[in-house]
């Protein structure tokens, strides 16, 4: 069979890795014919490689698969000239992407090794060959398969809409003049249950006193309301306060009947105000960070370089990832580097789906050859390999940047650095010491836990908050309940935390989310951060929060509770005895399942009925690990299983975030800690105990603009030298600009979400 016949006979997969080279970010797209960008698609495995890296792929395939990957389809796409100008933007919450065919002209060459067999323009190219080439060109790219390129906000009926009953009593027509609780005459919402007219919530550029919401809070059975100003025969903003979402009535006749009941004739109704969708589109446009200075001049654009790295294009709600990656890879974590990974491993045939290869690929682009990518890069494969099967981080939805940062660190720990002697992530780790003192007997207990960041609860004031105020409040003592082993009963203790060691880079996350009427709302409380203004020269001093060793020799240390305070519940024991189990077996089972229930203990016994010691006298281990009841309650409030939550807290030394992540990564775990002593291991030492080195300077900030961390926009500000002077640089997806204007400072103070402080040198 000839090479051309083999090509025609190829089975082409539905998805092909052709967004960029598997080893770098070279693509096949060209703005004009003078550019020479192209990719060679391997016709053996349907991955794409650039001219620099195709030989590496061929060598790896020969070494690992003993196969010759030497057949290629070289593809080049050249931008078509724009026939029409930009069409007027429609105020509809959707994104419509043109096809590649509409935007680019495709050219291809069929190669065997380095020899050309035919091409798109050859008169010798048969229709069968051209058809097969087009099939490969038309196959979906991997990024298309991972995310829909066109989407539209879908509004659906909720249960309250489906169960809605029209009031039986007659209602007077509404004048629509003003809110019944205040004098606002716009942003008015009509309760569909009783006809109450109230104003909506205050939004950017729109007045409102939330009287419609207040009505629902007073009358919980009245969740549905319609906005009158945007109501017309073709649109309706219906909001369900109970579901906290926009909804709709599918049946138009039912909807018209409801409005008619309240004296509203849809046939004569025209919209006078913007709809919710129009306001959301407008708000999404306004959420972008200012790219002009206080004088209205465009901020200075900075080129991709080894100083500034390169920009990261938005993949669709991926700004949370882009901002974190810029902060981590581009100077936010001083000394953090992936150089420990060296070069691409020669054992990976499919680099596009390998996390280590994609990390090296990103490192090379941002650190060693950013000049190659003046328009930025698309970290599509990295997002896919990092997010994996994670429900949220593999999706196209906006995510919390802080959650992604901790997830990213965990992924690198578990999948990349676990078998290595050096872990760059250790530079952000430190040890916190918790000290508790019984308010009754005065006994003291110390425990240590490893942390990767400080999360500081915010409190709102009319005046700007000093960053140090949040830190001081975080380290204040608090009174909590505790079962004292000396007093042998539940009492209270004074608890406080201090640094046992200090990290190289201290990550601080002010918690800007608050619950308002049980709805999570983001606050833009202004923070005064030391070192933000480049000329202030201030540092963040943390030495005051170092754990003191003075006077410990005179303290009375609480003894380890020999029986850990464990008492099997008698009614559970009796029920198990009635089932035929021995008292020793029942006690052992109840201890192993947290004294939770008869059913849990019974299931444990069925799983361990063959154990040789199941009926032996049971002695509670003297060093059985305890868990903080408040931490356990936090996990239980998320709907997690008690036994699994307890085990997670023990294995993760009380760290709630790590425990939650552990639970979700072990969905089939039964929560049984087979050997409690296994959890009592020495904690690895991280950071430095030297308080004299606990002075930090601000290096980077991840900022968020929007009403919720699940929407809005994330960017990163990183300190970099510009013309020899230290300055702030704004990384807004693919855009890199100088950002030391007063407007930028205001953004950082009001929208700062993650702060990166490195030790002062």
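Cβ atoms are placed via backbone N, Cα and C, with glycine included.
Together with 179, 182, 199, TrEMBL lists one candidate of 193, 211 for binding Zn(2+), that being 211. According to DSSP, the domain 'UBP-type' (156-266) comprises 23 helix, 20 strand, 68 coil.
Surrounding the centroid of the Cβ atoms of 179, 182, 199, 211, where the record places Zn(2+), the chain contributes additional residues within 8 Å, namely 178, 180, 181, 183, 184, 188, 198, 208, 209, 210, 212. Separation of the C-alpha atoms of residue 199 (Zn(2+) binding site) and residue 713 (active site, proton acceptor): 28 Å, rounded to the nearest whole number. Counting only the Cα atoms, the space from residue 179 (Zn(2+) binding site) to residue 713 (active site, proton acceptor) is about 33 angstrom. Separating the Cα atoms of residue 713 (active site, proton acceptor) and residue 211 (Zn(2+) binding site) is a whole-number distance of 29 Å. Take the CB of residue 179 (Zn(2+) binding site) and look out to 10 A: across all protein chains shown you find 21 other CB atoms.
Sequence-distant contacts of residue 211 (Zn(2+) binding site), defined as residues of its own chain at least six apart whose C-beta falls under 8 angstroms from its C-beta, comprise 179, 180, 181, 182, 198, 199. Under DSSP, residue 713 (active site, proton acceptor) is assigned to a strand (E or B) in the three-state scheme. For the binding-site residues listed here (182, 199), the lowest count of other CB atoms within 10 A around the CB belongs to 182.
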